[in-house]
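Take a look at the structure below.
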Amino acid sequence: VNLAGTGPLYKLRLQLLPLSETSTEASSWSVSRVQLTQSTNAPKDNVDISLADDRSSSKLLSVNGDGDLQDSSCLELATRPELATIEYRVQLDTSAAQTAGYKGRIGVCLVGGRGDSGRRSFCGLQLDPGQTLTLQLNAVDLGRLTRCHVSVDLDSADSANADPWHCDHVTVAWEQPADGGGSVQFGVNEQQPELRRSRSKLDYILRPMGMEHKVDDLVKQAINLAVEELQREEEEPELAHIAEDPSEEPTAPEEEEIDDLAKEAKFLVEDIADQVAKRMEGIHEEYDWQLRVSTGETGCSADSEIFVQVYGATGKSENLRIKSQTEKLQLHPQCDADLPLKLKAAELGELYKLRLSTSDDRDEHEWFVKQVILEHRTAPHEKFTCPVDQWFGRRRGPLHEVAHELPLSEKLSVLSYTVEIENAHTVPSGGSRPYVQLLGTRGDSGYRRLHRPPKDAKGHADVEQTPSPLSPDAVDSFRIDCVDLDRLVAVQVGLENPQPDDAWLFDSVRISVPQRPDLGVQVFNNSSAELGPDVASVELLPDGAQSTAAATPELLNQQQQQQEAEARQLDERQASGKQPSQWDWIVTLRIALDSGPKQTGRVFLALYGDSGHSRDVCLNAESSGNDDGKNRQQAQQELTPGSECEFRLVTEPLGRLWKLRLSVHHQDTWDNFCVSGIRICRQILEEAGDEAEKQQHDVELGVKLGRTSDAVLAKEVSLEADRTIKQYEVAMQVAQRFGAATDTEFFVDISGSGGNTGRRFLLHDRDRSLWFSEADLRRFLIEAVDLGSLSTVFVGHDKPGRAGVGCCFDWISVREASAETKMIFPCGRWFESAFDQVSVERELTAHESVHVSEAEFNFFGGQVVLTLCIAADSEHYKGPVHVTAIGAKGQSGPLTQPGVDLPPGRLAEFATDFGQGTTGRVQQLRIELGRSASLDATLSGVCIREAGNWLASAISTNNPAIRRWTALEFGAASEAGAVCHDVPLDRGLRVVDYVIGVRTAAKAGGSEPRPPKIFTVEIQGRHGNTGPRPLGPRALLRDDFGHRPGGMDTFLVTAVYVGPPLRLTIALDVSDSSNATADDAAAEVPDAVSWPIDAVLLREGQFNPYEFRFEVGGGVAKLTPNSASLQLRDAQRVPATGDLAGLAEFPRTTGRFNVVLHVGSVGWSGQSKDCRLRLSASGTTVQTGTHPQELLPAAERGLASYSIGELTRLRLDLSGSPEARLEVTKIRLSDAGSSAEFFLPVNRVLASGESVELAANRPGVPQPRTLAYQVSLRLGKARNSAGSGDLTANSLALTLHGDLGESGSMPLPPSHQPLTPGQTIHARLNCLSVGQLSGLTIGHDCPGRGQGVYIDHATVSYSDPTVVTVYFPARRWLDAGWGDGFTQATLSQPSDDAAACSESDWLLEIQTDTTAEDSEAASAALMSAASAGRLQVRLHPKVGADGRAFVTEIGKATKDGEEDEPADESSDHDEADESNPPMLLTPLAADSTAEHTADQQQQTTRRCLFTFKRRVDADSDDDVGSLTLILQPPFDRSIRVAAVSLAESRYSRWCVKFRPTPEGQSSPLSSAELIEQLRLTASSPTETAVEKFQPVAESSERSAVTFGQWRLETWSSAAADDAGAKLPPGWIEFVSSGDVSSGRLPLTGLSGNGREEFLVSFDPVTVHEVFKVRLGLEEATETSGGGVWKFDRIRLQDRDTMDTFASAQQHQQSLTPGDCIEVQADWPGSRLLDTVEYEVALKVGAGANSGTAGGVFVNLRGTVAGEENTSNGPGYGGSTAAAGKGLATGQEVVRRFRSLRLLPSVGRVSLRCDATGPGNGVFVERLTVRLVSGDDNKKLTFPVHRGLDEGDEDNRLTIELFPATAASTAGAK
C-alpha cells in the first residue's frame, strides 16, 4: 500500500464489495487481525490491531443482502486510542407524495470534520410514500457532521418515474459515552447542486437544515474541555502534595469548592457561547459570494446547466450548480449575469483556482465567456477577476471544452497536459463516454471527457454522430487544459456510461506538458485492468518513481551516456571483487545572526574529492533529488538566524575532499541570507580499507547568498592550502543577428584540468546592462578554485520550453582576472528552442588563446595577411578559397587563393591584396570555398593583419588585428549546404537567413522541366547586395529539388542583411571552372537545362511573419542556356504563407498575452497617479494598431487580448498630468495559449503625451529600427484655417506609410496653445521605420463643423541612412462640414520634381455686359476662344517689393476730376510679372453661360465660367491684387467686361470680385489681329470685402444646416466700478443668410461675470442655417438693473451636429442696456466682415400727434457694388436696432449701434413702429444714416414724409426706404 502524502495515520477501513453492481452472490470474510508494517526502518509507526474479544475471535464481513438495514460490509478500525467507533443511525423520511416511493439500492456516505464513512450500500430497500426507514452503520468518530451523500441506483428505479425517489429529509443520530451523542437533520433542497450523474447512479449532497447543531456541538465540546481543564488545575496541587508526603491520604473536595468550580464553569460557558455566536455570524458571512459571468458573442441556452468549483490551499468546494436546467435561465450575448454562490472559503484556505463548466450531454450547446469575477460581498470583500475569452462547447473542434480552469493567483498559469493512452485491441463504444482525471499535489483537473468529434466535408464538427475517440491497437492523444497541478500523483481513468458489451483494455497512460519540458513524461502503467460495466474506473499510480523523459534529444543522449558509464564502473568493480559502497556525510550550516527571519529558497552543496565529485545536491528540500531517494529528509528544516541546521548527504566514494561549493538557486528569493560557516563530517558505515578514514572539515564562510549586488549565488571553498581561489572573467559576444536580444539569464559551467565551476548563472542586474543586446559584449566575474588549463565551457539557459527567449553568441572567452591572455570558445549558434534540432545547452571547446591587449585597426583594403582556422572536429579541407572585401565605397573583386590546405585544428595564413582605396573602409568579408560535393568544413576563426606586421607577429602578440570567431559551416556541415558566407567586420551589420522559394511552373505542352544542378541567386537590397550565391541540391531544405511542376523548392542563404529587397536575380551557374575543384562537375551547365519559373518567394528569417513575393512578368519565365538569367522586381510584401517548406516554425500567437512591464528608477510616483499607460498592438492582419489597452501600474503585469494575426509591433502611450514621467526598461509578452514569448527592450523615460513603438522580436528576423521623423505641418493663412480655437497640436494625429508597412496613429506632442492661421507645426515623432516613405495620413477626431483645420502642406524628414525629405501637398480642409467633409486625409507625394509647389484648379467667372448688341453670340465666341487656347489670365500680387501697392486702378478719379489712362503694360511692373506667367483658361462646361439680373436698376450681365491651373509656392504669401485678361487673335467681336470673380476652387464659398471701371460701367475686350489685354483690380471698398461666389452650385456647398439646439458659452469680466451692478435680461438672436431671424431668445440667469453657459433652442424651419447671431440686453427698468455687459469672447456649438464657431474678435466688447452686437458665424472658408458703427438720425414730424408712445425700430440693409440685395445671400445681411421709444412731436433722435459691415454701403432701410391701434403711430419726416467708423463716412438721407399708423390709408406699420437718389429713380412716395 502506497501511503505517500496521506499524513499521520488515524484509521483504516476494510470493505467487502460485490463482484458487480448487479451481483446477488453471497460472500463473507472473517477478519481477526490487521497489521501494517512500514518497509523503512520506522517500527514506531507500525500498526498491529487484534480483533479478538470475549465473544468471538474475529469480525465477519459480508455483502449486504436485500432488505438488510445494518451495514455489515465495512469495518473501520481506529489506530489511535482516543478515537472510538460509533454506531450511526440514518433515518430516511420519504415524502407523502404518490410518486415519492422507491424500491432498489441506496448508498449513504457521512462526511464530518474527521473524514468520511465511505459509501455504504443498502440493497433491496422498499420505501413507501410517507414511510420512515432507519439504517445503521459503524464508523470511527467522524467529528461534527457537515454533509450527507445519498446516491440512488437509477437502474433499479421505476423507469416511469422522472424522479426515482422523493426524500423529504434525512436524520442522523448517534450515541457517544463522552457527550451522550447527538443528531443532525439534513434537508433535501431542490436547489442543492447535483454532484455527478452517471448511467447507474444519481448522487446528491445534503447539508444540515439549520445552523443550530453547529452551536450545540461547539458549546458541548467547549464545556467538556473547560471542565476538564478546571478539574486538572484543582487536582494537580493535591497530587504534588501527596508525592511529598506519602503517608497523608488525599481528601475529597468540599462542597464549597465544587460550587466555586461550577460558577467558574458557568462563566466560561457563557464566554464560549458569545464567541461561538460571533463565529456563527462569520460563518453566515462566508456563504455570501457572487459570481459575475460576462458572456461574449454567443450566449448560454436556457436548458444548459452551469457548474463552478473553487480550489483552496486546504481543500476544494463541491461542484456547485449555479444554473439548473429547470430554471430556464438564458444568458444573452454581450451581457453580464450575477449568480449567487454559497462558498465557505474559510474551509478552503487561500483560493488559487476556479473551474467553470457547463453540462456536456448535448454537443450542440456552445457559449462564449469573456470574463469571470468572483467576489465576496461581505468583509473582507475579496475580488478575483479572471479573463476567459474561451468557448464552452465541443461544436467548434476537439480542443474546445465544456470546462475551463482559471487561476486566481498570479503565480499560477494554465498548462496544456498531453494525455497519450496506449490502447490494446479492445476499446469501448462512443456512447460510453471515457474520461480522465489528473490528480496532483496542487489539486485535480476534474473529470474530463475524452472526445474527438468528426468533421464534415466543410471542416465543421458533426454533432449528430458520436464516434469513439479511442482506436484499437493505437496510441490516442488528447489535451487537457488546467491550472498547474504541480507533481502528478495519480490518474483516474473511467467510463461514465459503460454499455453492457463495452470493454476497454489499455496498457499505459503517458502525460507530458509541452510548456514544461523539464517535467518530462510521466508514465502510468495499467496492470491489465479491463474497464466495463462491472469496473467502470481505475486509479493509476506512477510507474515506480517518477519516470522522466527528457524534452530534447541531446539530454536523452547525455542520460544514456551517463547510464552506460555507471554500468561500466559497476562492471569494473565487480570484476575486481570490490563491491560499490556509499558515503554518508553530515552537513551542518551555521546561519548568521543578522540573517532574515524567513528564508524560502533552496541551498545546494557540491563536494569535490580525489576520486570524483558529486553534483549540486539540494540540502533543505523534502527530497534532495537523487534518483534513488538516498538523500530523503524527514522534514524540511527552517534556516532560522543563529541556528545550526544539520543535513544528511549520501554520495559515491569521493576520496579525499579538496573543495566544496555552496550555492543557491538563481530564481529564489532570500531575506538577507548569511552563512557564517559550514561543517561536513563523513560517517563510517562500512569498512573499506583506507577509504574508511573519517573526514571532517569545519570552514568559516561569512558569505551572503542571493541575487542582490552584495551577495553571490555560489561560494567555493578550497580545503587544501595549495589550491587557491581565483577570479575568472567570462566575456560573451552576442552575435550580429537580428532578434538576439534577450533578458534570459544564461549559465556557464567552465571546466579545466583543476575541475569545474558548476552551473553559474550570470545575472543581468549586476551591471548597467539589463539584457543581452545584438552585437553586444557582456562581461561577468566568477570566483572559483583554480581551474587549471581551461578546456570546455558548458553554456545554456533554463527555459527550454519557451520560444523567443534564446540568444545567439559568436564566441565566449574566459580568462583569469590578472592574466594577459584569454581563451576563446567559438560558438556561432542559437540557444533557442524554436529552431529544429537546436538545444538550449551546448558544450564549447577551447579554440585559441589571444592577447587581451590586442587592438583592432581600420581596414581600408590593400595588402593584408589573412589567417583561417578550421575547427578541430571538422573534416580536412584542401582547395580554393575566394575572398571578397566589401566596403562603404564598393567591393573588390573575388581574390582566389588556390590549393589552400586547412587540416582540422590548424591555421593557414596567406597574403593577399584587396586594392588600396577601392573599397573604402572594409565592412565585411565574403568567403567562398570550392564547390566540391565532399565539402564538409567548419571555419572557426578568421584573422586579418597588416602585411607589415606579419613577420613581427612572431616577436610581439600585441599587433593590431581584426579577429572574428564565427563557426561558419560549409557543405555537409551546414544545414543548407552553404559554400559562401559573410563575415561582418562592422558592428552595425547584421547577418540574416534568407529563405528563398522558387516555384516551378506547371507543365506546358506536356514538357517536363529540366532544372540545373547548380544555379545562383543574388538579392539586391536598399543597402547593398548579397552577391551571386550558388545553390544546388545541398542548399535545399528538402530533397526533391526541381521534380515537382507547380511545386516550390525552398533554399537557404545566409548573408549580411542588405535591406528591403529591390530586385532578385536567378541565373544559371556559368562560373569559371578554374575556381572549382576537380570533383566539381556539377558547375557545368548542360545544354538540356530548361527551367520554367512563375514566382519566387523571399523571406528574411525563418520566423518572419511577412515575406516578399516576386511575380514573373508575363506569367512564366524559362531559364535556358540561351536565356541564363532572370531578374525580378517590384516585390509585394505579404503575410507569410505556408508555401515555404522545410522551415522551423515559430509558435503562432493566439492574441492573448501576459504582459510584464519593468519600470526603472523613474517609476509611478505620487505625481503620476493619474497617468495612464496604454498598450496597442499591430500584426499581420491589423497593421495600424488596435484599440489601446490600459496597463495597471500596481501589479506591473496584465493580460492583453488582440485579434491581429501574428504580432509584429507594439506601441506604448503615456497620458496624464503634464509633469508625469515613467521610465520603462523592458517589456516581456508571453502568449497565454502557446509557448511564444517576445522580449522588447525599451530603456526610455516617457513624458506625458509621448509614445514609443517597439518591434516584436523574433529570432533571426530583421526588425525595423526606430527612426526619428521630423514632421512639419503648414496651416493655411486664412483667418479661420486653425479651427474654432479649441484645437491644439495634440488633437492632430499622423500615420506614416511605407513599403515596410504603417506606423500606428501617432498624436503630435502636447501643446496647450491653440493653433493659429499660417502656423507651421514642428514635431519629432519616434517610431519604427516604415521603409521608403510613400504616404502620410493626418486627421483629428473633432466631429463638428468649424472645429477642423486647413492644411496647406506637410514635410517629413528622416535619416535612413542618409537624410531624406519628402514633401506632401495638401491644400485641403480637415473639417466635418467643409470640403469633402472628412476629418482625415491621406497625402501622397507629388508626381513631378516641384516638391516645393502644389498645383490646383482655380475658378474664374467673367461677367459681360448684355447691353451690347449680340451679347449672347459674343459670350459664345469668348468661350470658343478659351476652348481654342486663346484666352489667358495673369495674376499680379497685391503688394510690391517696396511694400506699397503698385497696381494702378483703372479709371480712378484724379484731384481735378479727370481720369487717368489705363496702366501701361510696358511699365516697370512687367519685369515683376515675369515670375507670374499667363495661365490658359478652360471653359468649365458647355452650358456655363447664363444671364444674371443683380440690381434694382435691372442691369443684366452674362456669366462665363473658366478654370485654370495655378501653381502656388507653399511658403508664399502672394494675395492677388489685380489680374490681366489676355486675348490672342483673331477675335471679331467686341464685348464689355463688367466684373471678374476669382476663387481658389470650385468648392470655395467665397471669392474676390475684380472690377475694371467705376461702378455701373464696363470695359471693352476686343481684338482683330493684335493681342488685347485688359487689367482689372479689386477696387475699394470691395478690395477687402469678400462676397458669396454666385457661380457655385448649391449642391457643392455644405451649408450650416441646424436643428435649432445650441449651446452658448460666454467669458465675461466685470469692471471694478460695475462689480455690483445687475444686468438687465440678455438675449440672443440667430440670423440666416437671407436675414431670417429666430427672434430673441432669452439668456436666463445672465450675470456677466466669468464663464457662463446657456442652452437655447428655436424652430429650425425659420432659420435652417446660421449666418450670424445678435447678442443684446433689454432696456433697463427699475427692477431689471442697468449694468454694462463686458464680455471677452463667445463660443457657440450645435448640440446635434457639433458644429462650432467662436467670435473672431477676441477683444472685449461692451453692451449697455438696450444695445446689441452682431457676431458672424465663423465657418471654414469664410472671411470675416468688419464690425462697424452706424449712426441713425430720425426726425419726427412737427404736425399734431406726430409723436408716439411706442418704439420705432430700424433695419439697415446693404448693397453689393450698387446692386440691391435680392438674392438674400450671406455677406449682405442686415442689422436691426431700436431707433427710439416714446418719441415726441418734432423730436430728432440720434442713435449709434454696431453691426457687421453692409457691403459696400447701406442700400435700403426698413422702418417699423410697434404701436398698434389707430392714432398711436408716428409720423416720420426723414431718416439719415452715417457710417461712423471707416473711410466711407458720407451721410445718406432717406426721405419718409409719411406716418406709420394703423389709421392711415394703407394701415402699414413697416415700410422700406431707399436713399434719396435711389428713391427718386424708383418713384418712392
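Each residue, glycine too, has its Cβ placed from N, Cα and C.
TrEMBL: automatically predicted annotations, no manual curation.
From a predicted model like this one, the values you see are computed outputs, not experimental measurements.
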When TrEMBL is consulted, the range among 446-473, 1006-1033 described as region 'Disordered' turns out to be 446-473
The residue range that TrEMBL labels region 'Disordered', out of 555-577, 1544-1566, is 555-577
Taking DSSP H, G, I as helix and E, B as strand, the domain 'PLAT' (726-845) contains 3 helix, 67 strand, 50 coil
Grouping DSSP H, G, I as helix and E, B as strand, the residues of the domain 'PLAT' (1267-1388) number 3 helix, 67 strand, 52 coil
Taking DSSP H, G, I as helix and E, B as strand, the domain 'PLAT' (287-406) contains 6 helix, 60 strand, 54 coil
Taken over the domain 'PLAT' (726-845), the predicted model's pLDDT averages 88
